[in-house]
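K.L.:
This is the structure I have questions about; it appears just below.
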């Protein structure tokens, strides 16, 4: 009593404390970063290695395997995958959440160094690593176009100057430049001219390499001067290489230009980038795993004026894609929803109390509690994101509950004629324990969430802490500021002028009288109500099993990604044509704003596209509806497929896949994997629960298999090394020398001129100079025949792997898809040598499914323990928790009604309902117990009186929580797919709970009271008819 009196009788101190909380919250709000979701990115590092001309199998065995063995020893690696394609290997290391990315990077570099001696000597450079997840969608894409600059020159400028500058911006993890390659001097050899001159390809290579040398020459000095020696030992342009003497034939000089075309070109001519319909260089910017996307994008945008100032006038720099506008729009929608919730909650209070002064009290308490929460969020390192703002939106209904309970009880004493300060003190004392019980038991619901591990735990932690802090501040405010304002602002009234007898008050009285009449009937038919209660428990179980489930709601971020997969034997020229055709189809769609894409490099038969949709206000369809519409048009393109998926704010795993979800096949036998993967993929493609089924296993690439006759080679004086060197020189785009320039280093690339390598007959023109100096045609000692070969070789851990990716058709949940896949795998009878498991988001979904029930049970158990401690009873917490089954039924039925799957967001709603609906029972039980102790009433009389006495605050708190959540249900625009499942769950649960618990709670209270008496071997009192 003295504690409450301290604040009631010292209004200045109380007001200043509340002002201090508010000011701290305002400061915290201004300092909080902005993000779409809490920071849940796994630390991911990508290791890259190249060996131009090497086949995928060679890259896998000689490059990937040694690196994997070394990298696999690093502590904290959650998953290691690799993909080896033509001339390149990429290894993705995904670390545990608690692994520091910088420490992991140091370990990765050490592992690369340890494996260096095991790697092929012909690698042009050491393996490198990047602290970025290649499967993440870029946060921004910049494009460079020019009417006068070549693609190679644009690429050089982009990679040498722009990418370096952008990479230095805080938060940027990787700047991937695509669409071309660095400038190079290309030497296109004429096989017939070489044969006529008797010059081998190795001789050409050695001559070029020897003619372009950068070595220190030293200096000459005397007693006065010093001269640095400088020579013309470097060749830098095609014009300087053409007159190079590479051989003498009967005393006549054979120059490079006589046997080859020498041009200023690019390192890899098999690259192409496009933006809309124009050739372009793309700068795809990805953030560091721990970086804030909005801050990073803002940093890039702030740098753009400086970048444009350093760009020549002939180059046009544009932003082709930016993830931040939809994120900002989504957060603005949540903020507006929060404001509407506050207004609706205050309106509910006003309609019940019909007093401006009384309404002003919760109208002050709510903002103080919410704004003060921002200070705690800042101290905890949180951000303003969809989940934390949704937590505050839901908290609106919670924080006003405490104020309502205190205010309503004080108002009841004022209506009875008690003086304001006395009413404030008496009313607060009566409900102080109730308010504390409600708040502590509500916070207890979130304790299991705080202890939950993995990605779901990280994702929900900010939500749980934010809501708990808001409830804690609300508890303090409701026991200090609220009674002080009541005592000094409200006036006592005579019974004949009670406001609740007019308008809404008259309706409330009528409802209360009707409730009293129906409650009398219920208390005289407790068995029927008991059956209804048990029915809700059974219905909960059935609904939870039957409802479709998913991990996270599918978001419409306004950005699509597309993966092109063409015939495995397609040429680069044809692949570039497919890219252009697909881009035209998408560009013509009315909902599309911008399209960029690229192909080439190690992506022999694949490409990537990035599509920016128009803002939600300018299009009628959702991202998924647009994908469904485009899928029909894209399917008509022969020889290739384009798989579209909506970019999500949560992307789990480091695999780059052409669909949102993955199922990975593993085997220690590559032959078994290659045998069963097509069968499994075919079976999964036939499932109606899956769409866009595709695989990263591509074993049907065209290959020309050369078979050496070793006996003939020995007789002719030719070894295998010379033969292999011939093929590498001719067809491997071999980098044979380096040109050093002030800003970068460029390569001299040698190969047979494309004019002479259009078909297989090019092999017939190849020859080797034997030990006797004679030109021996390749056909003399080798035979060749076409065959199939893999375009990529994939590993997970150290096992051969193949990942089948899939999307979900409209109306299908992830749980339905995973069940269909598991059922199909069982029906196929896949041998034990081939193992299947879900990867990425589908894997996390499976783990979350296994822990959902445990989490709900843990929350209920935690609430029971807290309530048991507060009430010093084993029985009363069970009475309070009896309100939960009806809320669960309402929530699950509402989800079914709105055709919304049960997701992580819906799980949050269920957890919130555990905290919300028990408040009704707490108010009933508290007053019933007090009536039994002090009033000498029987349990039947006590619970009946408690139900009638607390009917008004129960209705007020329930309607406040309901109207606080209603804007989430009705919200549209950006991010609504996250908000609506939470609102649907809470509103559905509250409506059903309010209809049932007003009757089931008193019945359960009486049941446990009689059970208590029976176990204590006391005769129960006779039932009193009411």
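Think of each number as a place in line: the chain as shown, counted from 1.
Just so it is clear, glycine is given a Cβ too, placed from its N, Cα and C backbone atoms.
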K.L.:
Could you check which of 876-896, 897-917 is flagged in Swiss-Prot as transmembrane segment?
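P.N.:
Transmembrane segment, as annotated by Swiss-Prot, spans 897-917.
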K.L.:
From the ranges 305-325, 410-430, 431-451, 494-514, pick the one that Swiss-Prot records as transmembrane segment.
P.N.:
431-451
K.L.:
Can you identify, from 282-302, 387-407, 555-575, 576-596, the stretch that Swiss-Prot calls transmembrane segment?
P.N.:
387-407
K.L.:
If Swiss-Prot is the reference, give me the range from 253-273, 463-483, 610-630 marked as transmembrane segment.
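P.N.:
Going through 253-273, 463-483, 610-630 one by one, Swiss-Prot flags 463-483 as transmembrane segment.
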K.L.:
Scan 213-233, 360-380, 633-653 against Swiss-Prot and say which stretch is down as transmembrane segment.
P.N.:
360-380
K.L.:
Report the listed stretch (387-407, 463-483, 528-548, 953-973) having the maximum count of Cβ pairs within less than 8 Å of the transmembrane segment (333-353).
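P.N.:
Ranked by Cβ pairs under 8 Å, first place goes to 953-973.
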K.L.:
Cβ pairs under 8 Å with the transmembrane segment (387-407): which stretch of 360-380, 431-451, 897-917 has the most?
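P.N.:
Looking at each of 360-380, 431-451, 897-917 in turn, the most contacts to the transmembrane segment (387-407) are made by 360-380.
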K.L.:
Between the transmembrane segment (897-917) and the transmembrane segment (431-451), are there at least three Cβ pairs closer than 8 Å, leaving out pairs fewer than 6 positions apart?
P.N.:
yes
K.L.:
Which residues of the same chain, at least 6 past either end of the transmembrane segment (528-548), have a Cβ under 8 Å from a Cβ in it?
P.N.:
522, 812-813, 815-816, 882, 885-886, 888-889, 892-893, 895-896, 901-902, 996, 999-1000, 1003-1004, 1007
K.L.:
Counting only CB pairs under 8 A, let me know which of 360-380, 431-451, 463-483, 984-1004 has the most with the transmembrane segment (853-873).
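P.N.:
Comparing 360-380, 431-451, 463-483, 984-1004: 431-451 has the most Cβ pairs near the transmembrane segment (853-873).
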K.L.:
Could you check whether the transmembrane segment (431-451) and the transmembrane segment (463-483) come into contact, where contact means at least 3 Cβ pairs under 8 Å with the two residues of each pair 6 or more apart in sequence?
P.N.:
yes
K.L.:
For the transmembrane segment (984-1004), give me same-chain residues lying six or more residues beyond its boundaries with a C-beta closer than 8 angstroms to one of its C-beta atoms, as numbers and ranges.
P.N.:
394, 515, 518-519, 522-523, 526, 529-530, 532-533, 536, 878-879, 882-883, 886-895, 897-898, 900, 905-906, 908-910, 912-913, 916-917, 920-921, 924-925, 943-944, 947, 951, 954, 958, 961-962, 965-966, 968-969
K.L.:
Please give the sequence-distant neighbours of the transmembrane segment (15-35): residues at least 6 beyond its ends with Cβ less than 8 Å from one of its Cβ atoms.
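P.N.:
Cβ under 8 Å, 6 or more out: 292-295, 327-328, 331, 364, 367-368, 370-379, 382-385, 473, 477, 480-481, 484.
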